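Asks: In case it helps, Swiss-Prot gives these features for our protein:
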ACT_SITE  Glu347  active site, proton donor
ACT_SITE  His378  active site
ACT_SITE  Lys493  active site
Amino acid sequence: MDRKGFLDSPSTKILQDLAVAPVDLTTPGIISQERVERFSLSIGGFTLSYATERVDEGVVSALTDLASERGLVSSMQAMQSGEVVNYIDNFPSESRPALHTATRAWVKEIPLTGNAEDIALRSKIEAQRLKDFLHQYRDAFTTIVQIGIGGSELGPKALHRALKGCCPSDKKVYFVSNIDPDNAAEVLQEIDCSKTLVVTVSKSGTTLETAVNEEFIADHFLKQGLHFRDHFIAVTCEGSPMDDRSKYLEVFHIWDSIGGRYSSTSMVGGVVLGFAYGFDVFFQLLEGAAAMDLAALAPQMSENLPMLAAMLGIWNRNFLGYPTSVIVPYSAGLEYFPAHLQQCGMESNGKSIAQTGEIIGFATSPILWGEVGTNSQHSFFQCLHQGSDVIPIEFIGFLDNQRGRDIVISGSTSSQKLFANMVAQSIALAKGRENTNPNKSFRGNRPSSLLVAERLTPYTMGALLAFYEHKIVFQGFCWGINSFDQEGVTLGKDLANQVLGIMQGQAKEGACLEAEALLKLFNSTQKKKS
């Protein structure tokens, strides 16, 4: 990566000039067959169309140069080969590799060395251990409950939901993440504990929410006359407080170099997916992810799908100045995927410190959010079409449905109607429509992209997961920030312990005056009502 900085790159000035008058998507006939073909890329079963982005050949050329100047390919090579990429210069930091790609490299026997080879070999061993465990115990349980928060819940939950429509399963799966006791209590009301396997996921083995929820659920099992070790397994780092086979039925390992939000292809996602759908389905997901890992190493942006998507996002964020971006999958199976991408993107790139340790002077991660289509058309699309802010949209769609069941009504299937709506929204946002009634007028020039595959399968889902991981990481490399730590989550947790001490009467008076004032207000006003 070029250490000069994002703003000092020669292509940054060129792109700033080009952004003064970007392509006008409302120009009649501009979204032509020629433009659609020119501004598209098909790789690994996916086609990305960006003809409805506010780009022309000059912009794409400058983005290509910027990617080269910022050393995106070499940085991706460094990450996948196990070099230390999680660091901040001259300050204490985690200072370690980011090796989520190694958790699936073994399925394609990708040649690796050093740290990457070590994690790939360990991942293969853990996968075989999981396969053996499932062979021995999968039929003994009808239900699995995964306890974990952040990356230990969002990614696995999104993947489990995504595969539900294409992979038969007679297993029930639940996730408990929130420290709110109602979360765990609701799950406990719905399960037969005697037939339930609980997997507790925590890298450190000390995550507060996870530890509390495990104890909450274990207490209920004990009251049912069930033994902890017969029903609880763990996924954690070697040597953590949870790495105890005398306590758990089984313990599976992850490693410090696997970030939580990037851990779904490790045992963090493998156990629950293997239990729900079988080991072979998890293996197919790994194959898709590994294929996209290789695609992310392509040296030219014109052949590198996640890099192209990343640089289009850079154009929208840093040069057109759009502060937020919405992800809209036209697939019921991707119901929870936007929430996973929200964490992956904003926790990775929601930074204002460069890896040089300096405060940066430009925008980084946009606010990410989303919902499936067509549901979202009936909620927030009003704002996308006519709101005061321009919000770029990333559409995700599939030509065929997962379950193979459909019906023809008024000459078209439901799948065709779904796909037609996605394409129509992209065109409508770009072109707009004039009307003498200003309330019915659409100004257009609302950029979007469409990422399309044939069908959502385990392989496709793995590739889609890795596509977004690499898109996010490429943007971090371009900005020169550390996409692999999350110091921003620590301050609130530290203060929560102080507040809890005040609530328990264990803190010295004046330890946190702000908390004391707020607690006094809420206790006095709410107790009056009760």
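Counting begins at 1 with the first residue displayed.
Even glycines carry a Cβ here, placed using N, Cα and C.
Map the listed features onto the structure and describe their local environment.
Replies: With a cut-off of 8 Å between CB atoms and residues at least 6 apart in sequence, the same chain places Gly150, Arg261, Gln486, Gly488, Val489 near Glu347 (active site, proton donor), listed in sequence order. According to DSSP, Glu347 (active site, proton donor) is assigned to a helical segment.
In the shown protein chains, 9 other C-beta atoms lie within 10 A of the C-beta of His378 (active site).
Under the DSSP three-state reduction, Lys493 (active site) is assigned to helix.
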Asks: Could you give the Cα-Cα distance between His378 (active site) and Lys493 (active site), in whole Å?
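Replies: Between the alpha carbons of His378 (active site) and Lys493 (active site) there are 37 Å.
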Asks: Among all protein chains shown, how many Cβ atoms are found within 10 Å of the Cβ of Lys493 (active site), not counting that one?
Replies: 11
Asks: Quick one: what's DSSP say for His378 (active site), helix, strand or coil?
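Replies: Assignment for His378 (active site) reads helix.
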